[in-house]
Amino acid sequence: MKTLLLTLLVVTIVCLDLGYTLECHNQQSSQTPTTTGCSGGETNCYKKRWRDHRGYRTERGCGCPSVQTAIEINCCTTDRCNN
């Protein structure tokens, strides 16, 4: 009986996805909102905003890019927080 319970426990652990994947928005500027699952090590979502000859541009995705001049970057750590 103990062997059966142990076997069921092992099968359950193997079959379940115990990992957590952060989900971030990844659309650009005026595109329809979409999301993506980030790679295993990613713990941040970002929203990058800047102005060019077409007006304000927005980029979203996984990770947290380094700071750049004249570009507003917001990083966050919860699912779909970069809307």
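Numbering starts at 1 and runs along the chain as displayed.
Cβ atoms here come from the backbone N, Cα and C positions, even for glycine.
Some features that Swiss-Prot has for this protein:
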type: SIGNAL; residues: 1-21; note: signal peptide
type: DISULFID; residues: Cys24-Cys45; note: disulfide bond
type: DISULFID; residues: Cys38-Cys62; note: disulfide bond
type: DISULFID; residues: Cys64-Cys75; note: disulfide bond
type: DISULFID; residues: Cys76-Cys81; note: disulfide bond
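Using a 10 Å Cα-Cα cut-off around Cys38 (disulfide bond), the disulfide-bonded residues Cys24, Cys76, Cys81 reduce to Cys24. A distance of 8 Å separates the Cα atom of Cys64 (disulfide bond) from that of Cys76 (disulfide bond). Separating the Cα atoms of Cys75 (disulfide bond) and Cys62 (disulfide bond) is a whole-number distance of 9 Å.
Classification of Cys24 (disulfide bond) by DSSP places it within a strand. Counting every protein chain shown, the Cβ of Cys45 (disulfide bond) has 28 other Cβ atoms within 10 Å.
Note on the disulfide-bonded residues Cys24, Cys62, Cys64: the fewest other CB atoms within 10 A surround the CB of Cys64. Here the Cα atom of Cys62 (disulfide bond) is found 11 Å from that of Cys81 (disulfide bond). Cys76 (disulfide bond): 16 other CB atoms within 10 A of its CB, across all protein chains. Around Cys75 (disulfide bond), a 10 Å sphere centred on its CB holds 15 further CB atoms from the protein chains shown.
A distance of 7 Å separates the Cα atom of Cys24 (disulfide bond) from that of Cys81 (disulfide bond). Sequence-distant contacts of Cys81 (disulfide bond), defined as residues of its own chain at least six apart whose C-beta falls under 8 angstroms from its C-beta, comprise Cys24, Cys45. DSSP assigns Cys81 (disulfide bond) to coil in the three-state reduction, outside any helix or strand.
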